[in-house]
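Structure record follows, encoded as structure tokens.
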């Protein structure tokens, strides 16, 4: 069922124990009070109103994920960038991480020692349980549902992917929650300087994380390495062992970067993502930026595994959660709506500007590596998006046009699992008439393509209808008070 979290300015220097986890893919209800705090312990708590903009932002992110996943093949320009650069799809993951950080700040208040211990225990317990659940979900999706167009069954336990989208979100949440429990001074915020003193340790830790990431990314020596080409590959390569020649450090290219080195060492080659996005680069696809046959002179590493949600890149992704955390602190400590909007706007533009400065200094935008420049521009864009939505929904109260996104945001986890992970379409596709291609999902998409005399635009209309369908499903769940979360 739905849970309510009231955030007021009353006794902000005391934290409550961790009661549940704020997830970007859950239905947590963050609430903000706009009334001033009271020092009277007997005064009734001020009324709180739900922060609807956070639901809308979460729902928008889920809708974008469905759009780029299902329409990205028809429109490669919105699909993930093959390696360097940024497209619409590359903003989805940072949006999720950013909203996790904002939600975390609304759940945690400063604590006494007993609450600190309880919060720490529940945090790690929750993290372990959710990582197990997400890995099991990865196994389920990887072994029983390969997608709408590839229904095969069976699991090779020696090739289970250990990292993934949900695992990265959990890691980001873990770092954000740990910093809220352990790294906040117990002082009352009554001035801008007090605000800085309360959270300056968090900023120092985030700076150390960034420095550690940069040192490993540019300082680790990447030797030559080898991988196994599967016998089932469809690209004409002879299966067997392939050697990738590196012997460099500081490289950000697909075959010889430190991110891949760390993942291969700790996770193992067979537990990485086997269909990396760099197969859409010009070196690896004649249809670049889309997937396609290998060019005649393609390098051997085109078939090598690489995990876009790996260990080192997830460390950098956690900084996006941290930045969302600071935006949430502004919600907690600054009660004027225009004051919040001004601070958010200034911080967002500063972060965006910093990202472009890093890019000019030679750190390219690269989602698979989650480079410092990519982290900054996507986090800054996340802040600007939340600022605009907050102004529209919670300041000006223009809520009817965003109701579908709000409902999707309140039940984001179930929509992600059923829609973005293809569970529902694959299950429907399993029922067909005559041949597997003659099923409700594919026939509906083909109908739109026939009506519009265009495969691309027919696919886009089909995906928009799909998003509206899931909005209606979320509306029904909301009307029944059903919210699915971990």
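One-based numbering along the chain as shown.
Every residue, even glycine, has its Cβ placed from backbone N, Cα and C.
Nobody curates TrEMBL annotations by hand; they come from automatic prediction.
What TrEMBL lists as compositional bias 'Polar residues' is 1-10.
TrEMBL lists 1-47 with the feature region 'Disordered'.
Taken from TrEMBL, the feature compositional bias 'Low complexity' covers 33-43.
For 91-110 (among others), the entry in TrEMBL reads transmembrane segment.
Positions annotated as transmembrane segment by TrEMBL: 122-145 (among others).
Marked as transmembrane segment by TrEMBL: 165-187 (among others).
Feature annotation from TrEMBL assigns transmembrane segment to 199-221 (among others).
Tertiary proximity for the transmembrane segment (311-332) is limited to same-chain residues at least six positions away from its ends with a CB under 8 Å from its CB atoms, namely 7, 9, 12, 32, 51, 93-94, 97-106, 163, 167-168, 171-176, 179-180, 195, 199, 202, 206, 209-210, 212-213, 216-217, 258-259, 262-263, 266-267, 340, 343-344, 347, 351, 368-372, 375, 378-379, 382-383, 386. Annotation comment: TrEMBL describes 311-332 (among others) as transmembrane segment.
Note on the transmembrane segment (344-365): residues 81, 84-86, 90, 252, 323, 326-327, 330, 371-381, 383-384, 386-387, 390 of its chain, located 6 or more positions outside it, place their CB under 8 angstroms from a CB of the stretch. The annotation transmembrane segment is assigned in TrEMBL to 344-365 (among others).
According to TrEMBL, the feature transmembrane segment maps to 371-393 (among others).
Residues or ranges marked as transmembrane segment in TrEMBL: 413-432 (among others).
For 457-477 (among others), the entry in TrEMBL reads transmembrane segment. Outside the transmembrane segment (457-477) by six or more residues, the chain places 59, 62-63, 66-67, 70-71, 73-75, 403-405, 407-408, 410-411, 414-415, 418-419, 444-451, 483-484 with a CB less than 8 A from a CB of the stretch.
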